[in-house]
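Engineer: This is the structure, below, for whatever I ask next.
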Amino acid sequence: MMEASDTEEFGVHAEPLGAPIGGNNELLDVGQEDNQMEEFLGPQAEYNEEEEERKYYRRKRLGVIKNVLAASVGAMIVYSVYMGLLQMQLILHYDMTYREVKYSNLGLEDIDRKMLMGINVTPIISLLYTPVLIRFLGTKWMMFLASGIYALFVSTNYWERYYTLVPSAAAIGVAIVPFWASLGNYITRMAQQYYEYVNYREEHVQEQKKLPKGACHRYIIVFQSVFNSIFNLQKHLVMSLYLLSLPPQLSFVFAEFPMRFVLNGHLNTNKHILHSVKTCGANISGLIPGFNTTILERLPRSMLLIEVESILMGFAFLAMIIFLLLCGAAYRPTEEIDLRSIGWGNIFQLPFKHLRDYRLRLLCPFFIYSGFETMFAVTGFSLSYGVCVLGLDKLWLLIVVYGLSCSVFSSLSLSLLYFPRWVCLVAGAAVHVTLIVVLLALPLRPNNPEMLGPLLVIAALWGLGSALNKTGVSTVLGLLYAEEKERLDFVYAIYHWWQAIAIFIVYLWSNLPMRAKLSILLATLLVACYCYWLMERRLLKKVSFRLPRIPRPRHKVKGYRYLEEDNSDESGSESSDGEEEDGEGDGAEELDREGGGGGQHAASGDSSPAAARRAAEIHHRRRDNVQAKEGESEERPGG
């Protein structure tokens with residue numbers, strides 16, 4: 001018993017001395033935790049800063065390419081949906097029987113005229129508000145808002161009334177120029193960003209200075225070619241920019257999908273539709289005199305039209321989602337603030353002041369011709385030549401050929417990588433001059449299917465000229481203002497405003513003789529070529545051009561709170577007061593100017609290794625400067 005008790009007592013006292021069964025020795029783990037902490041905080045042997053930085057900017061470049069493709073596809077879907085629905089509605093509304101059945105009790109016989117007047121007339125005043133909208137909303141959000149307005153127009157066609165269609169049509173007219181100006185600005189800005197991400201080691205890129213002249217030209221050429229190639233694909237789905245409807249004339253262009261797969265089976269024969277048409281081509285006045293007002297053999301079912309509109313509505317929402325989720329920002333947040341902070345009065349005046357630049361003034365005839373030739377392709381040629389000669393059942397084939405030609409030949413602008421910038425515009429002008437002369441002399445008679453081949457060739461060649469013209473104008477603008485990122489919205493707003501003016505003029509001249517229209521087209525093109533030659537000659541002689549001064553941003557950048565060491569809760573006014581009292585204002589402002597680039601990178605979410613390293617260097621330099629000045633102030637009383 002005594003031995004057992006001793007053993008038990010010994011066991012009780014000995015238990016704490018041994019290692020715990022199934023437990024951890026916390027004293028031994030302390031050293032291991034210190035080693036792990038040192039390994040975590042210390043320099044990593046496997047970490048390669050240059051390699052990580054290279055991977056980071058490669059992801060950035062891929063993001064820019066994604067933005068360009070997303071913007072191109074979104075624009076293609078938006079215009080395909082909008083024009084497809086508009087064309088389907090106009091062909092139905094043109095038919096007298098359809099109007100009597102649907103609109104006899106509603107009094108909406110002239111709704112097409114009022115709706116299209118809202119679309120064509122409203123953009124005339126767009127130069128007053130386009131830069132304001134782009135700078136207030138931002139380039140990306142302007143594209144998103146404009147696509148939403150197009151979706152609104154599609155939705156109003158479910159309930160066709162004056163108070164639904166006319167306001168939505170006017171909203172479309174308001175959004176057209178800002179939408180196109182935002183797209184042009186966005187594509188050019190993506191080219192600038194791509195150059196910055198490729199040459200991220202350059203000093204002028206790290207300090208966010210003005211780009212060297214001609215630095216990003218090759219990227220502008222490539223991105224404009226890609227955008228126009230993708231966007232022009234929609235022309236073989238939908239073939240028009242604006243449609244004119246002046247009863248009793250048929251003056252609209254048909255889209256492939258709504259017409260070929262929905263309405264084509266409801267049309268009357270060409271013999272019936274073209275029964276009263278006497279002549280075609282250059283010999284007619286208006287569009288198609290004598291065109292029959294009953295073009296539908298039977299009316300389509302209401303549910304069929306609702307299904308088509310629902311599908312188009314779904315694609316409109318898809319375009320909005322593409323702009324919202326797949327398109328990145330065109331500018332850094334600090335740059336967006338700078339663009340807005342120059343003052344609304346200045347933003348309102350600067351588009352008009354930019355017209356003092358002789359480069360823009362001499363390009364204005366090409367801007368006008370760009371609107372003229374697009375409208376002629378989708379109204380004059382397609383109707384007065386295509387429909388009048390081949391009939392409605394063959395129009396979709398002309399549309400496909402023209403659209404595919406525009407898309408394929410837009411890639412020819414890549415030749416500007418090796419040739420002067422005037423090659424595209426001059427080549428497109430030469431093609432169109434030849435075709436205009438051919439159209440003036442071509443004898444045509446109605447309902448003549450043997451002319452299908454020649455008309456298809458003319459459609460393809462006109463698409464070639466249109467592709468060179470559109471891509472050439474956009475590329476030349478980008479090349480001329482490649483280094484002026486704060487002027488891009490003004491420049492592209494002026495370009496598309498002149499296009500809108502040209503389209504409004506075409507809206508007014510729809511009843512003129514075809515020879516007069518072709519003569520105006522030819523004269524405008526020749527004047528445009530002469531003015532462009534004059535511009536290139538002045539640039540070759542280094543004649544100085546006049547650019548309006550853009551005011552500096554009104555706010556002062558004082559750094560970022562997370563870089564401050566002593567008091568992160570100190571307000572800007574307090575810190576400035578303290579700096580003035582200590583006599584440190586000049587040094588602080590100089591450091592802020594040096595750290596502007598790093599701060600902007602941080603504010604925009606640019607978390608690259610190089611940006612973090614530059615921010616750390618700026619922080620240490622600022623701290624050393626403050627400590628040195630504090631030491632000087634302490635030595636003065638002692639002396």
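Each residue, glycine too, has its Cβ placed from N, Cα and C.
So TrEMBL has the following annotated:
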- 565-592: compositional bias 'Acidic residues' (COMPBIAS)
- 601-613: compositional bias 'Low complexity' (COMPBIAS)
- 614-639: compositional bias 'Basic and acidic residues' (COMPBIAS)
- 561-639: region 'Disordered' (REGION)
- 64-85: transmembrane segment (TRANSMEM)
- 115-134: transmembrane segment (TRANSMEM)
- 141-159: transmembrane segment (TRANSMEM)
- 165-187: transmembrane segment (TRANSMEM)
- 237-255: transmembrane segment (TRANSMEM)
- 311-331: transmembrane segment (TRANSMEM)
- 362-383: transmembrane segment (TRANSMEM)
- 395-418: transmembrane segment (TRANSMEM)
- 425-445: transmembrane segment (TRANSMEM)
- 490-510: transmembrane segment (TRANSMEM)
- 516-535: transmembrane segment (TRANSMEM)
Engineer: Counting a contact as 3 or more Cβ pairs under 8 Å, with residues at least 6 apart in sequence, do the transmembrane segment (311-331) and the transmembrane segment (516-535) touch?
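Structural biologist: These two stretches do not touch.
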Engineer: Which range wins on Cβ pairs under 8 Å with the transmembrane segment (516-535): 141-159, 425-445, 490-510?
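Structural biologist: When the Cβ pairs under 8 Å are tallied, 425-445 comes out ahead.
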Engineer: State the non-local partners of the transmembrane segment (490-510) in its own chain: residues 6+ outside its ends, Cβ under 8 Å from one of its Cβ atoms.
Structural biologist: 116, 120-121, 123-124, 126-127, 130-131, 134, 176-178, 180-182, 184-185, 188, 241-242, 244, 246, 249, 251, 286-287, 350-351, 354-355, 360, 363-364, 367-372, 374-376, 379, 473-474, 477, 481, 484, 516-517, 520
Engineer: Grab the same-chain neighbours of the transmembrane segment (362-383) for me: Cβ-Cβ under 8 Å, and only residues 6 or more beyond its ends, written as numbers and ranges.
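Structural biologist: For the transmembrane segment (362-383), the far contacts come to 239-244, 250-253, 287-288, 395, 398-399, 402, 425, 432, 439, 458-459, 462-463, 465-466, 469-470, 473, 476-477, 494-495, 498-503, 505-506, 510, 514, 517-518, 520-521, 524-525, 527-528, 531-532, 534-535, 538.
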